[in-house]
Structure formats: C-alpha cells, structure tokens
Amino acid sequence: MGAEGEDNHKLVAAKVSALLAIGVLSFVCGILPHYLFRTCRNRFPASSVHKVTSGVICFSGGTLLGVTFLHLMPEVREKIARIREKGTGLAFPESLPLSDIIAMSGFFGVYVLDELMHLCVEWYSLRVRKDPKNPKDVLQEKSTKICSQLPHEVSAFSLDKHENSKHQVSISRRSNRHANPVTSCICQSPKANPGDVMEERVSATSSQASLPTEKDPEGGRPRTKLQTMPHISGIITIAALSFHDVFEGMAVGVERELSSILFLYLSIASHKYAIAFCIGMDLVLTGFRLKMIVLSMMTFSVVSPIGVVLGMMVVSQGSAEVYDLDPPISVVLQGLAGGTLIYVVCFEVLQREGTDTHTKGIQNVVFVIVGFLVTLGFKVLLGHTHTQ
C-alpha cells in the first residue's frame, strides 16, 4: 500500500512537472521573439532584419506543414479507424477518406470566413471614405487645402506675433506603407534657439483600412488582399492548434507509467516549443502589440496544461479504462484544425512572403523545406505514434 501510494505521488509529481514545463516554456518561447526583434531592429540594418524575419516566417510555415501532415492528420486517421472498429459514431462508407474530407471542410470554412471578413472591412472602408461628416476627412481636406496654397519652397516671410520675425515654412508629404499619405506643415524660426524651435504640424489620415492597389508603393509587389486585418492568420493558427493540444495534454494526464509520461512530454515539447517561437515571431511581424502577444501566447500555452488536468481528473475518478478519449467530436475538431493550418500556411504565410525576385523566392522555399524537415526529424527520432 505504501509502495503504491509512493508510485502515485511520483506519477502526480511527473504530471505536474510536465504541466508546468509545457505551459511556462511555451509562453517563454512565444514571448522571446518580441524582445529579439526589438533588439535586432535597433542594431542591424532594416534589410538584414527583413531577410531574417522573412526566413523565420517561411520556416514556421514549414513546421506547420510538418505538424499538419506528419502529426495531426495521421492522428485523425488513426482515431477514425479506431472509432470505426468500435462500430460507433461514424456511418460513412469506408471508401470515403473521411479525415481528408473533414480537413478540407476546415480549409474551405476558414477560406470563406476570411473572404467575408475582408469584404466587410472593404465595405466599411468605402462607407467611411464617402461620409462627408467624417471628422478625419474634413480635417484632412482643410489641412491639405491650407498647405496646398503655400509654395513648395518659401525662403522667408513675415509673421506678426508679438513682433515681426522671420520664419521658414516647409511642406513635407510622407507616406507610410500601411497608411494613407500624411500632409504636414512645419513652421520653424531660424532665429530661435534649438531648444525653443517652434514646430507646428497639421496632419490627418483617413481610415486605417487601405483598399487594394495595383502596386505596393515601396516594394512594387501587387496587393491582392486588404492589409487591414493581419491578425487573422495568427488568431486562426492559435485556435487551430489549441484544439489539438488539449487532447495531447489529456494523453499525458491519463498515463500510469513514468516512462510513458516522459515520452509523451518530449513528443509534445519537441514541436510545441518550436511552434510557439514561430507563432510569436509571426505575431510580432503582423503588428500585434505586446499586450496582445502576451494574451495570445497565454492562450496557446495554457491549453495543453488544461488537457493534463482533465486527464488527471479522469484517472482520479478511476474511469480511465472506460472513458472515451477519442469521441467523434474531438476527431472532427482536430480534422478541422488540420484544414485551417493548411489554409494559414498556403494563403497567409507563403502568399504574404511571395516576392518578385526568384532568388529570394528560392531562399524562402529552402526555409519552408527546412522547417518541414525539422518536424520530420523530431518525428523520426521520437518515433511517436497515437495508437497506444
């Protein structure tokens, strides 16, 4: 009785350790890219940072492809086979590739949802631009009118303010890649001290939603979609992986051997930490604020520990032998998750990193293949299957 109780304590300690390690280290790996990117951006040229970040994004796309086709989809097929052996739940002909049908349902579902969301944003943007009462449009129109009446090069003119003094007026028009042109008027007194320089800017921008244009003003790359919702791919990726991670955590929670717990932990950690880092980098590059990155990575990091806790609760109730760890709804959710990841990689990661130069395109292909091979290497080394 004492030996059995000691073994139970060791099992609980091992599961709690796995729970904490998965949650904490996943969060750290997801937050790390924010600080790395901020440091590298200040120390290295922008072109070098762009090359590195583009390579990291393509590498993350390869890892997601590996997780989908080497881990998620085989698991869905195995679970569907087990459900059919039990004779419960699925009344479809065996000739139909049910796992692939579920995955493509997720693919097309997210595709339609993404296009509908972009359509709504485009409609709202057009409505805001045409609204004459929009204060931003009125301010932009007035500031543009005032500044356009001034010559582009004015050496000096007299202003009556307390006393006559000479001021120099210059007009600059700036444009941002992801924003509309900004008109600014700067008035500066050459006689004033550097610390007393008076600078007055009148700027206005229209709606932040930018419509598709023929050419990117900087890169010359055609814009095929709205640039207003870059957060969609990150949210979809986190949601899709969360479905799967809950059930992986449950697999750890119901184990009754230390060796199996260690094996499953290494199997989960091998891809979860790498994916957390890649997702964190993708969130940074798509414009997420630090607060949203923390919230997103907390969500991604906590789902596996939740699964471990659920599995431990099942074992504590003594019903692990009769509890169905592969209900049809879990199989459907994981199949849909696989389809959503395929969409994210093909239409968000690879399309966004597309380039006009074939040399850079080949480099991106290499990074994608390397990411896939890394996932394959973990699969071969660990030899993890889901039939146990």
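Glycine too: its Cβ is placed from the backbone N, Cα and C atoms.
Just so you know, TrEMBL annotations never went through curation; they're auto-generated.
Summarising the annotation, TrEMBL assigns compositional bias 'Polar residues' to 182-191.
Under the heading region 'Disordered', TrEMBL lists 182-223.
What TrEMBL records for 12-37 (among others) is transmembrane segment.
Among the features that TrEMBL reports, transmembrane segment is placed at 49-72 (among others). Residues 33, 37, 40-41, 237, 241, 244, 271, 274-275, 278-279, 281-282, 285, 334, 337-338, 341-342, 344-345, 349-350, 352-353, 360, 363-365, 367-376, 379 of the same chain lie 6+ residues outside the transmembrane segment (49-72) yet bring a C-beta within less than 8 angstroms of a C-beta in it.
The feature transmembrane segment is assigned by TrEMBL to 231-250 (among others).
Residues 14, 18, 21-22, 25-27, 29-34, 37, 53, 56-57, 59-60, 63-64, 66-67, 71, 233-234, 237-238, 241, 245, 248-249, 251-252, 255, 292-293, 296-297, 300-301, 304, 349, 371, 374-375, 378, 382, 384 of the same chain lie 6 or more positions beyond the ends of the transmembrane segment (262-285) yet place their CB under 8 Å from a CB of it. Annotated transmembrane segment per TrEMBL: 262-285 (among others), in sequence order.
Among the features that TrEMBL reports, transmembrane segment is placed at 292-316 (among others).
According to TrEMBL, the transmembrane segment annotation covers 328-350 (among others).
Residues 54-56, 58-67, 70-71, 263, 266-267, 270-271, 274, 278, 350, 353, 355 of the same chain lie 6 or more positions beyond the ends of the transmembrane segment (362-382) yet place their CB under 8 Å from a CB of it. The transmembrane segment annotation in TrEMBL covers 362-382 (among others).
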Beyond the flanks of the transmembrane segment (328-350) by 6 or more, those residues with Cβ under 8 Å of it: 57-58, 60-61, 64-65, 67-68, 72-73, 75-76, 79-80, 83, 89-90, 99, 102-111, 114, 232-233, 236-237, 239-241, 243-244, 247, 282, 364, 368
